[in-house]
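The structure under discussion appears below in the form of structure tokens.
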Amino acid sequence: MVHSKETEPEHRFYGFTRTVSASLTHLICIVFTVFITVLSRPGSSLFSWHPFLMTLAFSLFMTEAILLFSPHGSPIKSLPHKTKGRVHWILQCICVSCAVLGLAAIFYNKHLNDKPHFTSWHGFLGLITVCVVGLQSLAAVPLIFHSLAKGWSLAKLKRYHAACGLVTYLLGSVSLLLGLCSAWFAASVSGYTWYLSALCPALTALVMMNQVTTAYMAKKRFQS
Ligand code: HEM
């Protein structure tokens with residue numbers, strides 16, 4: 001009897017573990033976003049918008065925008081790649097809008113309270129993250145209007161976009177982690193809850209690294 005690769009037991013097992021890890025990632029980013037929303041109570045103060053909007057941008061929208069390309073965990077797995085690309089850039093536009101509004105909220109809040117800007121590691125790296133996510137989105141425009149990048153093949157553009165996107169995601173995760181180290185968050189939660197919260201951006205970052213490197217290294221092997 002001839003076995004196709006997909007029906008081999010170990011292949012099905014790997015597929016199963018990948019589906020479980022992608023489903024857990026959906027769950028983690030949703031639970032983390034809900035948790036920060038409940039804790040910050042958006043609208044209760046100007047500051048409250050900052051953790052809420054930043055978590056929405058980097059934990060929910062950016063994670064979902066990348067996960068939708070996962071062959072095992074995409075909620076729109078069966079749709080054509082072109083449609084996934086469209087949903088991806090719509091989610092990324094929402095992500096950038098939330099990030100800019102979240103930055104504006106904390107910047108204006110500090111201005112009202114006469115506090116110095118970008119003095120903590122979180123504030124400094126956070127500013128860089130918002131700039132990088134903005135640049136990454138602008139640099140992605142040629143993927144939609146290919147004529148803007150003359151001399152660059154679409155495959156090469158996509159590879160650079162994925163690599164830079166991963167760096168942007170990691171910057172977002174580290175900024176989130178540093179946000180959890182802030183005096184506000186440390187005072188809002190106790191011991192175990194802090195560690196559990198810190199695990200969320202750390203775990204989703206690992207899953208994203210795995211997804212992107214697996215997809216693009218496999219393609220590179222086929223091409224070379
Ligand atoms: C990737 C997500 C995030 C980014 C890009 C980001 C960015 C920033 C930036 C740029 C500042 C400094 C603003 C200024 O000095 O004018 C700041 C401040 C602050 N952020 Fe975030 N933030 C993020 C997530 C969070 C989260 C999740 C929390 C809370 C859990 C948080 C809590 C704070 C606090 C308390 C401050 C004021 C103290 C300080 O400047 O360190 N941030 N953030």
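Positions of Cβ are set from backbone N, Cα and C atoms, glycine also.
The shown structure was predicted, so the numbers you read here are calculated from the model rather than taken from an experiment.
Residues annotated as domain 'Cytochrome b561' in TrEMBL: 16-219.
Long-range Cβ contacts of the transmembrane segment (20-40) within its own chain (Cβ-Cβ under 8 Å, at least 6 residues beyond either end) map to 47-52, 55-56, 59-60, 63-64, 67, 70, 72-75, 185, 188-189, 197, 200-201, 203-204, 207, 210-211. For 20-40 (among others), the entry in TrEMBL reads transmembrane segment.
According to TrEMBL, the transmembrane segment annotation covers 46-69 (among others).
Look at TrEMBL and you will find 89-108 (among others) tagged as transmembrane segment.
With a cut-off of 8 Å between Cβ atoms, the residues of this chain six or more beyond the transmembrane segment (120-145) that come close are 54, 57-58, 62, 85, 89, 92-93, 95-96, 99-100, 103, 106, 152, 154, 157-158, 161, 164-165, 167-168, 171-172, 174-175, 178-179, 181-182. TrEMBL lists 120-145 (among others) with the feature transmembrane segment.
For 166-186 (among others), the entry in TrEMBL reads transmembrane segment.
The transmembrane segment feature in TrEMBL is assigned to 192-218 (among others).
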